[in-house]
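Database features (Swiss-Prot):
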type	residues	note
DISULFID	C76-C87	disulfide bond
DISULFID	C127-C135	disulfide bond
DISULFID	C137-C157	disulfide bond
DISULFID	C206-C220	disulfide bond
DISULFID	C208-C215	disulfide bond
DISULFID	C278-C309	disulfide bond
DISULFID	C294-C304	disulfide bond
DISULFID	C308-C348	disulfide bond
DISULFID	C324-C339	disulfide bond
DISULFID	C326-C336	disulfide bond
DISULFID	C331-C332	disulfide bond
CARBOHYD	N295	N-linked glycosylation site
LIPID	S212	O-palmitoleoyl serine
SIGNAL	1-25	signal peptide
Amino acid sequence: MNAPLGGIWLWLPLLLTWLTPEVNSSWWYMRATGGSSRVMCDNVPGLVSSQRQLCHRHPDVMRAISQGVAEWTAECQHQFRQHRWNCNTLDRDHSLFGRVLLRSSRESAFVYAISSAGVVFAITRACSQGEVKSCSCDPKKMGSAKDSKGIFDWGGCSDNIDYGIKFARAFVDAKERKGKDARALMNLHNNRAGRKAVKRFLKQECKCHGVSGSCTLRTCWLAMADFRKTGDYLWRKYNGAIQVVMNQDGTGFTVANERFKKPTKNDLVYFENSPDYCIRDREAGSLGTAGRVCNLTSRGMDSCEVMCCGRGYDTSHVTRMTKCGCKFHWCCAVRCQDCLEALDVHTCKAPKNADWTTAT
């Protein structure tokens, strides 16, 4: 008996994902290569031709992107710090994160979005700091303008975020645009959501000029907010990520569950449910939670009950040096004493079979 047509389409994205042998963004590995731009461009594996051309033509932009990798990976680890999967990186892995992102999960959606956002942020900042020859401050922010407070003059250095977005789109999306599979479309969608997130927090800053601090004349400029705001925003999008399936002509998505809203360009999308990340699983790329510190009094994701997946925890009595008895001394220093603090540290027990498993 033949399966209903609707059932075939529900399975199609998973089939396409299984047939896709490699979905990692190898440019993430730029952080590990370092060195000169030529060394970096020639030694990052898996770059497509257009990425390698951009790499050679714009060494100053590549330096900014390379430095930015550390920033967005740190932000990813901050957002996932209390979760079983904590955005851990693998130094010798060309994909930076290992096999865990081969699954088209919520975690993959977040990493692609935060990495794309990180590229926009790094390039735009480098432009404003005069570190990139091909861009500078936003050339459109000149002359006078008007807002709710009245007329002001554009001055200072407005962040040229449009250049950052344009270059990030050309470089980051290049590999995905060569693919026609479901995972490539998912990555492109989440890359765009990440870029849009940075621009969302572009804010106008102003300085007043006048006698005795009066604001008879204002000079304003546009500046990116701290990257933490982008990370927090994408974290909320991660928690509200929408599971999708491919539409029938293979050009876009539709929601996997009719009760869910249709994803917007700002939403994160994913195909597959995440593993539980409880145990070390070579195939899934999960390191498990054995040895992870848990919070005995928490009721959240970092609680010992949740983090340790019901396996229990070990308690160690440790001492650490802390600052105590701090006092302010005029003017202008804070002086503290060094004190020993005793505390209990709780870590998740390993499963009875601690060897690598191939279970998914």
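Cβ atoms here come from the backbone N, Cα and C positions, even for glycine.
Structural mapping of features recorded in Swiss-Prot.
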| residue | record | Cβ contacts under 8 Å, 6 or more apart |
| --- | --- | --- |
| C76 | disulfide bond | C87, F110, V111, I114, G231 |
| C127 | disulfide bond | C135, S136, C137, D159, N160, Y163, G164 |
| C157 | disulfide bond | S128, S136, C137, W221 |
| C278 | disulfide bond | R84, S286, G288, T289, C309, R311, P351 |
| C304 | disulfide bond | C294, N295, L296, S298, G312, Y313, H346, C348 |
| C324 | disulfide bond | C336, Q337, D338, C339 |
| C331 | disulfide bond | none |
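With C215 (disulfide bond) as the anchor, the candidate disulfide-bonded residues are C206, C308, C326, C332, and the one with the nearest CA is C206. Here C326 (disulfide bond) is positioned 13 angstrom away from C332 (disulfide bond), judged by their C-alpha atoms. When the disulfide-bonded residues C220, C308, C326 are screened for a Cα within 10 A of the Cα of C208 (disulfide bond), the ones that qualify are C220.
Nearest in space to C220 (disulfide bond), taking C-alpha to C-alpha distance over the recorded positions S212, C308, C326, is S212. For the pair C206 (disulfide bond) and C308 (disulfide bond), the C-alpha distance works out to 49 angstrom.
The secondary structure of C309 (disulfide bond), as reduced to three states from DSSP, is coil rather than helix or strand. When Cβ atoms from all protein chains are considered, those within 10 Å of C309 (disulfide bond) total 18, not counting its own.
Proximity of C326 (disulfide bond) to non-local residues of its own chain (separation of 6 or more, Cβ distance below 8 Å) is seen for V334, R335, C336, Q337, given in sequence order. Neighbour counts were taken as the number of other C-beta atoms within 10 angstroms of each residue's C-beta; across the disulfide-bonded residues C87, C294, C336, the minimum falls on C336. Least packed by the Cβ count within 10 Å, out of the disulfide-bonded residues C135, C137, is C137. Long-range Cβ contacts of S212 (O-palmitoleoyl serine) within its own chain (separation 6+, distance under 8 Å) are none.
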